[in-house]
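Heads up, the thing below is written out as structure tokens.
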């Protein structure tokens, strides 16, 4: 059954526009609370609510609290905390569920609601459908004796900081390193600098003055120019950029070069292989560069591709019992450290890997150079049979690029566009292949 409200990462949209309105979020909290009560009949469920730094977080948090407590669920509120921190505390405190109020890397004018089940794992499709089935039902407030309570928890930041530090090798530290930390004026502003400082690094913090409106604004993992300039200005060893909710990571070296998720995953995987740790393999996506796949296999590390989206990477990791995966966008999963993507923990794993390899980031990543890519968006008409139109040309290009490149065709889920991506060892091969396929699709 198709979901009506939940997308690939919870419920998200522009604040004030359905479904990110106080009345809908009230109903969402109430419906989720009803499902929790049904699943946890032995005791009154407790849910943890965290948020990022958007001005709308206050409004949406109040609506969620009202909905949960009206359904008979207790609520624990953390205030601003990264999404992976909410997942961790949900597990550590043995709570029934966790909720994060955030729109991740989007502008402050958007917001969203993301749920975690018991144990800090993402909700299953089945539970999301259960919640959706109740959203449009009538709200009936329970008798006062059965209502839930709400309270703010103290020390949530400190618990999460200690957890992050525990994922770094106990025999090592970060003394001697100068790091610039860009927290995107987001959820990690109060915790990320402390993690690296307490492990011994000299820390310069930027993007750490949220005002409700400046989250992700010319800062963070989706805008690295500010971090690159700061690394050069402060003559730092590395720069670390998170996104608004702290689950993405980009890094910058001392020369101002940016390293995306693919490069950082390679560093972690190579170090684990060098240490003889069996990670099973690495899960990337259909957009992961082919050169990285080849480089991993040269290190003896298996590789497979999932659909784009960290939930699909996570599903493949769980299915295969592998430990490392992620996307070029900076979602990195280290399953032996945390059960969700975590920008802070991923950065710590990269820094630990560089110590293991006794090399800097540029040297390790020189093992492979990304194959050139050509991407073309082709507009199509509703109902257009673009697969049939491109079938013969696609087969020709794939045969020509066998072992030397690959083709990815993706229909956009939000606009009438087919995205043609061709990558190959040589840029002209990629460009020629993409143009031929795009021409075939657009010829109808």
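Placed from the backbone N, Cα and C atoms, the Cβ positions cover glycine too.
104 is the only one of 104, 109, 390 that Swiss-Prot places in the Mg(2+) site (with 243, 245, 247).
In sequence order, 52, 82, 83, 102, 105, 186, 187, 221, 242, 244, 246, 248, 343 are the residues of the same chain, not among 104, 243, 245, 247, whose CB sits within 8 A of the CB centroid for the Mg(2+) site. Looking at residue 247 (Mg(2+) binding site) and residue 104 (active site, phosphoserine intermediate), their Cα atoms lie 8 Å from each other. You'll find the Cα of residue 104 (active site, phosphoserine intermediate) roughly 7 Å from the Cα of residue 243 (Mg(2+) binding site). Sequence-distant neighbours of residue 245 (Mg(2+) binding site) (same chain, six or more apart, CB under 8 Å from its CB) are 52, 82, 83, 100, 102, 103, 104, 105, 186, 187, listed in sequence order.
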